[in-house]
Amino acid sequence: MPDNAQKYVAAIDQGTTSSRCIIFDHGGAIVAVDQREHRQIFPKPGWVEHDATEIWSKVQAVVAGAIAKAGLRADQLSALGITNQRETTVLWDRATGKPVHNAIVWQDTRTSALCHELGGSDGQDRFREQTGLPLASYFSGPKAAWLLDNVPGLRARAERGEIAFGTIDSWLIWNLTGGTDGGRHVTDVTNAGRTMLMNLETLQWDRSILSAMNVPEAVLPEIRSSSEVYGTAVGQLSGVPVASALGDQQAAVFGQACYDVGTAKNTYGTGSFLLLNTGNRPVPSKNGLLTTMGYKIGGEAPVYCLEGSIAITGALVQWFRDQLGIIRTADEIETLAASVDDNGGAYIVPAFSGLFAPYWRSDARGVVTGLTRYVTKAHLARAVLEATSWQTREVVDAMYQDSGVRITTLKVDGGMTKNNLLMQHQADVLGVPVIRPRVSETTCLGAAYAAGLATGVWNDLDELKSHWQKDVEWTPSMEASERDREYHNWRKAVEKSFGWHEEDGVN
């Protein structure tokens, strides 16, 4: 039974494939979890959409499910936090509360031609100084512009103030706090920073970019901090303060207690996202990284990060399993790889659809190099795992070149952190300890922490740091000479992946 004196915080994690609600206690331990998937809609090649109404319905269901599993009443929740898939874009009718079109998902590439046109002679760098981002189809601003130009009559309605724009956090907060009956139309700095419409210095919408993209200011939410009470929930959560919003990767930074300059976390999923806390000033990147918001606590100074995104890490293990059939389950790769001492001279560069950070080479394609008759499937299994470690090393090196900050440890989360061989190799190639926390749900935990800070459940960042607990630590054991030799070979393999795909027109 729940402790009546205990304080509980709920967090909604609205992700690309599913929505979850996790309830945490005051110690940061998980009390209950509920999760539901939603549909992926693919109207055309390269197009990916979600039904925002379905997402809201699933979010309501997982909140109810988590509360029921915890044996709690809604009035026992001290706060509600939100974390979300970043960049996914919703436009809705303020009067009816209904979306005017399916949400355009971050993976969707329909705005590639529009981005190419917007870039003009400056190319991808046109808005980088103001936003920290390259002009690319991932980000929300071009998605909103596309909707305004392609849904009949929408632009005129938007200019009259009838339409609301938001990333998923805004859509959820608006609905949670009343929707058409007084719902709050807000976003936080981490999500606004991924629209390519917010100025990183002022933390306000940049009117010159709005003008260039032809997005009317009337549709935009108010930009707020990541940790403050935006409003009070109605409905099943009636009276609960809605008190945080963070993009998913920034929420993981917060949940991993990366509050000091130089602290970093890497989330290992289908791909990987490595974020480094660079403090209260944005650090521009000359090495293929994104300059992004980390978080902002109430009226305190904002914290910025450098972000390196790696397209293929866990997905390479899936390919090894599903396309090659060498293993039957993802977990088998560790046993197979551990049966040999090294990669036998083989390297696999998983540039299946190009390389992300730090190269951003859309012409790259996957290669296997260094093959001899000595190489076995076990060596290839090891090369699959090592590809993740080496790609992470390249991002860490780029972060040092941009910021001058050397990481001293790397905090890790995500499914691949269960693989001890991979985590040991990661520590070896970075030359620093790699640490996995006891609570693995760092994204939800970060949203809960930020909401609890805003409502007095926790007092300050020092208290949150004291809750963070280590589960496993891997320390480097590789000689520097071996590390340097292997890294040199990896870099040679990467060069072999360039120039394979010749594009017709705009990618």
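The backbone N, Cα and C atoms fix where each Cβ goes, glycine too.
Residue environment of Tyr138 (sn-glycerol 3-phosphate binding site) contains 21 other Cβ atoms, counted within 10 Å of its Cβ in all protein chains. What Swiss-Prot lists as sn-glycerol 3-phosphate binding site is Thr16, Arg86, Glu87, Tyr138, Asp248.
The ADP binding site annotation in Swiss-Prot covers Thr16, Arg20, Thr270, Gly314, Gly415, Asn419. Under the DSSP three-state reduction, Gly314 (ADP binding site) is assigned to helix.
For Thr16, Thr17, Ser18, Thr270, Gly314, Gln318, Gly415, the entry in Swiss-Prot reads ATP binding site, with the evidence type sequence analysis. Listed in sequence order, Tyr268, Gly269, Thr270, Gly271, Ser272, Ala330, Thr388, Gly414, Gly415, Met416 are the same-chain residues six or more apart from Gly314 (ADP binding site) with CB atoms under 8 A from its CB.
Within its own chain, Arg86 (sn-glycerol 3-phosphate binding site) has Trp106, Thr167, Thr190, Asn191, Arg194, Gly247, Asp248, Gln249 as residues 6 or more apart in sequence whose C-beta sits under 8 angstroms from its own. The annotation glycerol binding site is assigned in Swiss-Prot to Arg86, Glu87, Tyr138, Asp248, Gln249.
DSSP assigns Thr16 (sn-glycerol 3-phosphate binding site) to coil in the three-state reduction, placing it in neither a helix nor a strand.
Each residue in Gln85, Trp106, Arg194, Gly247 lies on the same chain as Arg86, Glu87, Tyr138, Asp248, Gln249 and has a C-beta within 8 Å of the C-beta centroid of that glycerol site, without being one of the site residues. Within 10 Å of the C-beta of Thr270 (ADP binding site) we count 17 further C-beta atoms, all protein chains included.
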